[in-house]
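Going by TrEMBL, these are the annotated features:
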- 6-151: domain 'Flavodoxin-like' (DOMAIN)
- 12-17, 59-62, 97-106, Asp132: FMN binding site (BINDING)
- 172-412: domain 'FAD-binding FR-type' (DOMAIN)
- Arg316, Arg348, Ala349, Phe350, Ser351, Gly382, Leu383, Cys384, Ser385: FAD binding site (BINDING)
- Thr426, Ser481, Arg482, Lys487, Val488, Tyr489, Val490, Gln491: NADP(+) binding site (BINDING)
Amino acid sequence: MPNTRLLVLFGSQTGTAEDVSERLRREARRRELGCRVQALDSYPVVNLINEPLVIFVCATTGQGEPPDNMKSFWRFIFRRNLPSTSLCQMDFAVLGLGDSSYAKFNFVAKKLHRRLLQLGGSALLPVCLGDDQHELGWPSKFTLKFLQEVPSTCSEELCVAGTDPQGTPSELQPFLAPMVTNQRVTGPSHFQDVRLIEFDITGSGVSFVAGDVVLIQPENTASHVQQFCQALGLDPDQRFTLQPREPGVPCPARLPQPCSIQRLVSQYLDIASVPRRSFFELLACLSCHELEREKLLEFSSAQGQEELCEYCTRPRRTVLEVLCDFPHTAGAIPPDYLLDLIPLMRPRAFSIASSLLAHPSRLQILVAVVQYQTRLKEPRRGLCSNWLASLDPGQGPVRVPLWVRSGGLTFPKTPDTPVIMVGPGTGVAPFRAAIQERVAQGETGNVLFFGCRQRDQDFYWEAEWKELQTRGCLTLVTAFSREQEQKVYVQHRLRELGPLVWGLLDLRATPSTCQLMCRTP
């Protein structure tokens with residue numbers, strides 16, 4: 001099929017579906033089949049009527065929800081007025097990526113498969129359902145054309161983000177928000193560093209309500225960037241332009257042209273991420289060192305998955321650390337393959353912890369700085385939280401690229417509807433925004449169940465809550481799990497105050513919860 005065009009469209013939340021899509025592209029190239037790969041929301045969906053062969057790779061998030069980068073496509077494809085013959089010329093396959101431990105296993109892929117059939121598409125095979133619980137050479141996508149002379153005007157510094165963006169800030173055009181304060185709010189002896197960080201969003205066009213989230217684009221540390229460049233023999237000051245090898249392959253939208261290696265590694269390549277199996281597969285193809293290549297092939301084989309888990313996944317070994325463990329291979333990686341080999345850095349989402357009604361032109365977040373130990377000597381550190389914690393506006397101006405999107409929490413618009421909020425630990429952040437907003441609007445039916453370890457260590461916004469209690473704007477119920485021999489959590493307080501909760505629900509109160517992805521402290 002020399003003239004057949006294959007299109008792979010993916011919906012990915014954490015990068016797995018995108019990773020699988022890139023593996024499909026490489027397999028297609030090895031078979032001399034032209035292939036394009038795009039996120040579903042970046043593809044003009046009306047063009048599907050002209051596509052002869054499409055593979056959809058879709059993850060399922062939350063309780064059967066589509067990933068963020070396919071929600072616009074999802075709304076369009078389920079329009080009721082679409083003709084039943086819309087896709088009659090299209091052959092397709094759907095690959096779902098899910099986890100069978102969840103109730104709505106691969107819900108998005110199943111539903112999409114049925115909808116494509118309804119619109120006249122012809123399925124090449126039944127829907128394929130990947131399960132995270134199961135065990136289980138080619139040209140580069142881009143060419144890095146290095147520049148011999150440094151241009152007199154540095155377009156790299158002028159693109160991507162701005163302090164005065166045109167229109168509403170977004171991932172392609174974030175707002176460089178000045179950081180106003182970066183304050184530790186846990187006690188000095190507390191095991192975790194938690195920060196209350198405030199940004200000035202004056203003139204940004206950023207607007208938000210309680211329940212919304214802010215997305216922040218982090219950076220790799222300077223020491224990691226230097227280590228990476230040394231391992232691969234790259235000059236961080238070398239500048240380049242990026243050129244796709246094939247027509248129809250878009251360059252990363254956020255990457256400036258021209259760009260320096262320093263900026264590419266510090267702001268775009270996710271060298272602090274834990275590599276996937278496909279990383280070892282491609283690295284093995286690029287390796288010229290017999291012993292290292294043999295080990296990389298073992299890690300990328302089906303039989304080597306347990307050993308790969310022990311070496312990489314379980315201890316959370318990073319891309320950078322793996323490259324340092326395979327020095328001969330790392331030193332021989334052609335720069336053209338950097339974007340094939342290493343995923344692009346993803347923005348991190350944080351619940352907004354303030355209301356514009358209480359803090360005009362300000363945006364606050366509560367950040368738990370992630371650091372933990374595995375069997376590796378070096379502690380594991382969360383990329384974004386540690387980067388934010390390292391920024392000190394007291395030492396000079398600090399700007400952070402950010403934008404806002406709607407969150408999953410919604411609150412009643414009727415003023416007489418009470419709200420029961422359950423927010424242990426840093427999960428209380430969006431409820432602070434909600435309480436500030438509701439109090440500013442004169443709504444006093446606010447009930448907050450808050451839990452933490454100790455009153456004097458991690459009781460966030462204690463003075464603010466007590467002041468609102470005094471004013472009659474808030475009913476606060478606390479659970480300090482480590483202040484007595486028997487641990488007490490918010491669920492115990494809910495049970496103890498069952499009559500109060502039931503009475504509020506009888507008044508049509510809205511229950512809302514926000515908790516950490518880990519165990520309650």
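Every residue, even glycine, has its Cβ placed from backbone N, Cα and C.
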C-alpha spacing of Asp99 (FMN binding site) relative to Val490 (NADP(+) binding site), in angstrom:
29
Fewest other Cβ within 10 angstroms of its own Cβ, chosen from the binding-site residues Ala349, Leu383:
Ala349
Counting other Cβ atoms within 10 Å, pick out the least crowded of the binding-site residues Ser12, Thr426, Ser481.
Ser481
Among Thr426, Ser481, Arg482, Lys487, Val488, Tyr489, Val490, Gln491, the annotated NADP(+) contacts, find the widest CA pair distance and round it to a whole Å.
19
Would you identify which of the binding-site residues Ala59, Val490 has the most other C-beta atoms lying within 10 angstroms of its C-beta?
Ala59
Work out how many Å separate Thr426 (NADP(+) binding site) and Gly62 (FMN binding site) at their Cα atoms, rounded off.
20
Which one of the binding-site residues (Ser351, Ser385, Gln491) has its C-beta surrounded by the most other C-beta atoms within 10 angstroms?
Ser351
DSSP-wise, what's the residue breakdown of the domain 'Flavodoxin-like' (6-151) into helix, strand and coil?
46 helix, 40 strand, 60 coil
Spatial neighbour of Gly62 (FMN binding site) that is closest, considering only the binding-site residues Leu383, Ser481, Arg482, Lys487 and their CA atoms:
Leu383
In whole Å, note down how far the CA of Ser481 (NADP(+) binding site) lies from the CA of Ala349 (FAD binding site).
28
Near the Cβ of Phe105 (FMN binding site), how many other Cβ atoms are there if near means within 10 Å?
18
Among the binding-site residues Gly15, Gly62, point out the residue whose Cβ has the most other Cβ atoms within 10 Å, with all shown protein chains included in the count.
Gly15
Going by Cα-Cα distance, which of the binding-site residues (Ser385, Arg482, Lys487, Val488) sits nearest to Ser12 (FMN binding site)?
Ser385
